[in-house]
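Asks: The following block contains the structure, expressed as structure tokens.
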Amino acid sequence: MKFSARGAALLMASCLVGDSTAFVPASFSARTSALSVSSAPIANGSTSPSSDSNSNEWSPSSWKNRVAKQMPVYEDEAELNAAVAQLDRVAPLVFAGEVRSLHEKLARVSQGQGFVLMGGDCAESFKEFHVNHIRDTFRVIMQMALVMTFGSSMPVVKIGRMAGQFAKPRSEPNEVIDGVSLPSYRGDNVNGEEFTPEARRNDPQRMVDAYYQSAQTLNILRAFSTGGFADISRLHAWNLDFVEGTEEGSRYRLFAAKVDESLRFMKAIGIDTSKPDFTSVDFYTAHECLLLPYEQALTRQDSLTGKWYDCSSHMLWVGERTRDLDGAHLEFTRGIGNPLGVKISDKCTPEELIRIIETMNPQNIPGKLSIIVRMGAEKLRKNLPGLIRAVQREGKAVVWISDPVHGNTRKTETGFKTRDFDNIRAELRAFFDVHDEMGSHPGGVHIEMTGEDVTECTGGVSGVDDYTLKHRYNTACDPRLNGSQALELAFLIAERMRLRTGLPPL
């Protein structure tokens, strides 16, 4: 088949921008992908493709029959019931069609036809909520995706840890300061950060407040993703601002120059990059499935398919501390139609991983389940091959995603919790190395980052060190990569992906 120059450029552009189906709750024409993932409503009365043999025993509330770890204790049950009843009546935050769209994209990633970029705050907060904060984080994720798409020549699925990432697991149920014991701060949708009895009271009404803030966040994201803010030329101009701060002749400048050449070529042959196809993007949201009363209250049954969806987010993941096989969180997630993730550390054995996969994705549907690996570079090189080998042996379809930040947290001599850029880069390098050795596909990266110019993680081109952490250390939870560090990481990933796909190095 012969391709014209214009056709080749359009093919490249389609990888850069996507088809803008996220956030559009419109009717979908019936179609089924080659990966056996329904990307359209199934006819009435048909069975959900991901339902297991015990689906009749599952309900949005069946998790209550299991042990629920990391759950706050509410002192007033009537107050909790009132908050849940209020959430039962609110509109869904996301729609089933959007969820199916993401599932389709993740199915392609599981077959080696894409890469996932998940990024956002460690934990969202009420007091820091502002359109500028959302804008800056969205912008950096878009900048990263553009660089990574060009490097890999494959689509990048863009997912924000946003519009619901409030709750955080805690090591201890209580915090003790100067002999005073109060409930631990579990995120703004549970209690307040201030160390007072009033603030630390677990307040179920905060779940309702979190819902309405999430609704605002999603409205802002919808506007940014479809209203021209994600224009390719604008994203590249912002990337050029970053490379201006690097050394003359650096690999970042070389890479940016190649992207610039491609955009100039597209315009030269008559492609109008101001059209909607080049100014809007698919963008999805995800958060940790932790606060189960909230998740249950926002779970809705699709009237077209009969399938249950957690409409608080497009995707949810279960954390390392709550992934017990007989626990409440796996019980809840096994019955919903959303794409799922599960965090895995070096504590997970191959046998346990297979049981988790069979619980969360019993029909082995591509794109349904992502394995998010967080170990640290040394432990990853030792443990990940065995996990991949078990998945390959059992023929399981999963998306492998690296979380290179959580296994690399340390405390400085001055008491700041931080993460070193070099260690994050080392874990990512190990992740790619292991997949090269095993013949499997490194499917994505999951990072805690912000678009703001914070000083919370050390290293990288931003030059943050232990002594400058205090300048703009704003996080209420874990340290985040700032915009420059996140974008630098994207350039490094793009270079590695370029080599994997057989493209010549820059």
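We number each residue from 1, going along the chain as drawn.
Glycine is no exception: its Cβ is also placed from the backbone N, Cα and C atoms.
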Asks: Of 40-63, 184-207, which span is tagged region 'Disordered' by TrEMBL?
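Replies: Matching range for region 'Disordered': 40-63.
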Asks: Cβ neighbours within 10 Å, counted over all protein chains: which one of the binding-site residues Arg161, Lys343, Arg374, His406 has the most?
Replies: Arg161
Asks: Widest Cα span across the phosphoenolpyruvate binders Arg161, Glu320, Arg321, Lys343, Arg374, in Å?
Replies: 18
Asks: Which binding-site residues are spatial neighbours of Glu448 (Mn(2+) binding site) here, meaning Cα within 10 Å, out of Arg161, Glu320, Arg321?
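Replies: Among Arg161, Glu320, Arg321, the ones whose Cα sits within 10 Å of that of Glu448 (Mn(2+) binding site) are Arg161.
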Asks: Near Glu320 (phosphoenolpyruvate binding site), which residues of its own chain have a C-beta under 8 A away, given they sit six or more steps off in sequence?
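Replies: Once residues fewer than 6 apart are set aside, Glu320 (phosphoenolpyruvate binding site) is near Lys343, Ile344, Ser345, Lys347, Arg374.
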Asks: Under 8 Å between C-beta atoms and at least six apart in sequence, can you list the same-chain neighbours of Arg321 (phosphoenolpyruvate binding site), or say none if there are none?
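Replies: Spatial neighbours, sequence-distant, of Arg321 (phosphoenolpyruvate binding site): Lys69, Gln70, Pro169.
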Asks: Counting every protein chain present, what is the number of Cβ atoms, excluding its own, within 10 Å of the Cβ of Glu448 (Mn(2+) binding site)?
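Replies: Within a 10 Å radius of the Cβ of Glu448 (Mn(2+) binding site) lie 25 other Cβ atoms.
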